[in-house]
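A.B. asks: First the structure, which I've put down as structure tokens, then a few questions once you've had a look.
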Amino acid sequence: MATLLRSKLSNVATSVSNKSQAKMSGMFARMGFQAATDEEAVGFAHCDDLDMEHRQGLQMDILKSEGGEEGAEPLEGDIHYQRDGTGPLPPSASKEAGVCSELSGQGKPKITAWEAGWNVTNAIQGMFVLGLPYAILHGGYLGLFLIIFAAVVCCYTGKILIACLYEENEDGEIVRVRDSYVDIANACCAPRFPTLGGRVVNVAQIIELVMTCILYVVVSGNLMYNSFPNLPVSQKSWSIIATAVLLPCAFLKNLKAVSKFSLLCTLAHFVINILVIAYCLSRARDWAWDKVKFYIDVKKFPISIGIIVFSYTSQIFLPSLEGNMQNPKEFHCMMNWTHIAACILKGLFALVAYLTWADETKEVITDNLPSTIRAVVNIFLVAKALLSYPLPFFAAVEVLERSLFQDGNRAFFPNCYGGDGRLKSWGLTLRCALVVFTLLMAIYVPHFALLMGLTGSLTGAGLCFLLPSLFHLKLLWRKLLWHHVFFDVAIFVIGGICSVSGFIHSLEGLIEAFRTNAED
């Protein structure tokens, strides 16, 4: 009897525990911290309930073996569950068990190489290619060479970054031992500073994501101002209007709805690029080939380096992408064709656009279009920018909240979420403050090329050139061939020089622009 009483009490405690776990699973799924939909959150709850029932059955089976006598009536619950797992499941549980196996990773859907390639293409063929003709303006043929060189280097560093995820086990097999860029960075700094590398990568990621948000606000204000120059609305005012539209991003819990619109806008962006190229081809007789030269503008070309590098940044999400591929062996081939395609399209787009407008090429190339079609094209681009803003904003918020508010005992501040999973008022205030910060930066430094060059030189070069080559040398130097070592060292040195020079010149330009705007 005492044993039965202990079993009942244990069952009650287990039930309460599993219900709370189910609530927590659903809460985190709704908050967007897991790659889970609402249906998956329900699945997590079912898994918890099944686990509770299974443990209850085990306890009843143990009870029977301990206190049951031969011929005694079996206790309720032990007919379905056996410790060896051979007993039949209830009809209502068979489907739920399938859900559990799927959510545990056994049946998790994977993406094909084509789908992975689409994700990479979407990252490196975004609307920031609109600034590449401006890079050719200050670099000439050297700027075109840099577009090709950056594609080759970013493709190579993407591959060696993925190589850092793997190590050879005792049986001589290559196995995946790390999952993310942060894991690689932490492994390089261990054992003395086991979390330093991850913090550096997180800071670089936050800077890049926030700067991307700022660029979306800048380009929105710029495009609207140049589309309707006769309206008594300044570029700063257009930026404020764009930010007012973006303010609801502070209330985002997931990006399910936004992602669908973003996909449509990406397709529209490709159409716009084709329209721009078609217009340039219609003026092929007037192309200014004599304007493309081998000399460079020493003061402004380093900014062009940052612009080009920033247009290729995708390394930060490559580990996750490779880990979700059906056949990870196809990753190298996927990187090759995506970067070859990007190199060709970017080079042609930048060259054709510059040949059409030559020295009159503006920071955002669509501003050079005739007024008859400029407004339509720019409105589509503004829609693309506004619908793309939530993606980097939500990612930046997630990194900040995880690092500062939710990192267990290592968190710097109290949790910004309440016990019911709702965002606290001061947490919402911080999100709104981040949106306002992107607006202030866009107002005081409304220069698309300078901001893009600064970001590319600082975080783009660091995440795409410097850190992958450094990590590759640190983790795998014993197994590297001499030419791999040479490539890594060369990329690190060249990338460091380009990063420093581009950062200094971009920062000087931004300081000058900031002073000019402050005086006005």
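Glycine residues also receive a Cβ, built from the backbone N, Cα and C atoms like all the rest.
Pulled these features from TrEMBL for this protein:
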DOMAIN    110-506  domain 'Amino acid transporter transmembrane'
TRANSMEM  142-166  transmembrane segment
TRANSMEM  206-225  transmembrane segment
TRANSMEM  261-281  transmembrane segment
TRANSMEM  301-321  transmembrane segment
TRANSMEM  333-355  transmembrane segment
TRANSMEM  375-400  transmembrane segment
TRANSMEM  428-445  transmembrane segment
TRANSMEM  451-473  transmembrane segment
TRANSMEM  485-504  transmembrane segment
A.B. asks: Could you check whether the transmembrane segment (301-321) and the transmembrane segment (451-473) come into contact, where contact means at least 3 Cβ pairs under 8 Å with the two residues of each pair 6 or more apart in sequence?
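C.D. replies: Per Cβ check, the transmembrane segment (301-321) touches the transmembrane segment (451-473).
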A.B. asks: Looking only at residues six or more beyond either end of the transmembrane segment (206-225), which have a C-beta under 8 A from one in the stretch?
C.D. replies: 127-128, 130, 233-236, 238-239, 241-243, 246, 313, 316, 363-364, 366-367, 378-379, 381-382, 385-386, 388-389, 392-393, 395-396, 399-400, 434, 437-439, 441-442, 445-448, 451-452, 454-455, 458-460, 463
A.B. asks: Do any residues of this chain, six or more beyond the ends of the transmembrane segment (428-445), have a C-beta under 8 angstroms from a C-beta of it, and if so which?
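C.D. replies: Residues packing against the transmembrane segment (428-445) from afar: 210, 213-214, 217-218, 221, 236, 239-240, 243, 246-247, 249-251, 393, 396-397, 400, 416, 451, 510, 513-514, 517-518.
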